[in-house]
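The structure appears below as structure tokens.
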Amino acid sequence: MKFPSPFTPNSIKIMLLGSGELGKEVIIEAQRLGLETIAVDKYENAPAHGVAHRSYVVNMQDKEALLDLIQKENPTYILPEVEAISLEALLEAEEKGFCVIPSAKAVSLTMNRKGIRTFAAEEVGVKTSQYRFVKTLDELRSAAEEIGYPCVIKPVMSSSGHGQSVCRMAEEIEACFEEAKEARGDSSELIVEEFIPFDYEITLLTLNNGKKITFCDPIGHIQKGGDYIFSWQPAQMKKSVLKKAQKIARDVVSALGGRGIFGVELFIKKNEVYFSEVSPRPHDTGMVTLITQNFSEFALHLRAVLGAPLHVERISAGASAAFKSSQESQTPSVTLPKEAYAKDCDFRVFGKPVSHEGRRMAVLLIKDEEAESALKRAKKLIKKVSE
């Protein structure tokens, strides 16, 4: 495989749409391969802006503005890293011959929960929780009665768990409706899901390089308010259950098509596996691979995009812990304790230009002989990180 130098006529250009902490790692890996890198986001000084060859501040939901930038830069690959992007722009760019990763169709289906849930359950035929789509409070009441309490209520379009809640009784319906309505983005619809009292949940990082599908070891994770706070690898599970999980992930990723990494989220209840969601990009819970694998999810993503051979090997057990800000600040900082500099620890400080309550500002990484002990240490150490 040939890697022309950046700024030469035949350079391989990647345009990243969304330049947060995950995108920053993708750009760093692209730089290691000598690719020409362009980072785009809606705000200045986004994390990936500082490591890309060029950066732009653009409203990515503005179809014409985004198309103009794509035409100007003429990227080899367009990598959407967030959901707040004009789908029309991506579809039109693909029609004009640009390569959207993994494809405009896959981005379209996974951009909202209605698209991917309908696709997975009704077209691919994988097992999911019961679900209904609603628009009004009355429709929500009817759907909740039909599915039963408790149930999970989410906007069809939102990210990082925004607007998601568990409704445990009819008296809570209106408050849950208002919470979801506030966060529902470009869609007027909500999804009501059966609450699965799962034993645990995993992310199965699934890679497609156009020739074969490859899996990373399963990643366990804990979420709070729909957003990840801890992850660990490997998640302990029976081989028979892992095979079921891999089959679901393979079926969904094969049906979506395209190259790259897919973060497939699954619920496990006893020996049953339920499909939850899929992201066609590196996954936040996968940051643990920065310390557990020979190649991180970010390096593997790029290799898959390029159609290169993939060699996935876990070299250690480990855990990650997200550090979130508790305050609004125009001059944010992260203070790490001396224990974070131990030989089996690592960290990433994202360098975001401003902080606000709940914004992820850093991640702590720990490796150990067992994932359980790494997680225990991560939970203890993250409490010593401050602003």
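We number each residue from 1, going along the chain as drawn.
Quick reminder: no glycine exception, Cβ is built from N, Cα and C everywhere.
Annotation source Swiss-Prot lists N(1)-(5-phospho-beta-D-ribosyl)glycinamide binding site at E21, L22, E81, D284, K352, R359, R360, citing sequence analysis. The ATP binding site annotation in Swiss-Prot covers R113, K154, S159, S160, G161, H162, G163, Q164, E193, E194, F195, I196, E201, and the record cites sequence analysis as its basis. The annotation domain 'ATP-grasp' is assigned in Swiss-Prot to 118-306 on the grounds of sequence analysis. Residues or ranges marked as Mg(2+) binding site in Swiss-Prot: E265, E277.
E265 (Mg(2+) binding site) sits 7 Å from E201 (ATP binding site), taking the C-alpha atoms as the reference points.
Remark: E21 (N(1)-(5-phospho-beta-D-ribosyl)glycinamide binding site) has P47, M287, R348, F350, K352, R360, V363 as non-local neighbours, by Cβ distance under 8 Å and separation of at least 6 in sequence. Between the C-alpha atoms of E81 (N(1)-(5-phospho-beta-D-ribosyl)glycinamide binding site) and E277 (Mg(2+) binding site), the distance comes to 16 Å.
For the pair formed by R359 (N(1)-(5-phospho-beta-D-ribosyl)glycinamide binding site) and R113 (ATP binding site), distance between Cα atoms is given as 23 Å, rounded to the nearest Å. In this model, the domain 'ATP-grasp' (118-306) carries an average pLDDT of 94. Reduced to three states, the DSSP call for G163 (ATP binding site) is coil. In the shown protein chains, 21 other C-beta atoms lie within 10 A of the C-beta of E193 (ATP binding site). Distance from the CA of E277 (Mg(2+) binding site) to the CA of F195 (ATP binding site) is 15 Å. When the binding-site residues R113, G163, E193, E201, E277 are ranked by how far their Cα is from the Cα of L22 (N(1)-(5-phospho-beta-D-ribosyl)glycinamide binding site), E277 comes first.
Listed in sequence order, the residues of the same chain lying 6 or more apart from E277 (Mg(2+) binding site) and placing their CB within less than 8 Å of its CB are T110, R113, I116, V264, E265. Cβ neighbour count for E265 (Mg(2+) binding site) (all protein chains, 10 Å cutoff from its Cβ): 20. D284 (N(1)-(5-phospho-beta-D-ribosyl)glycinamide binding site) has a Cβ environment of 23 other Cβ atoms inside 10 Å.
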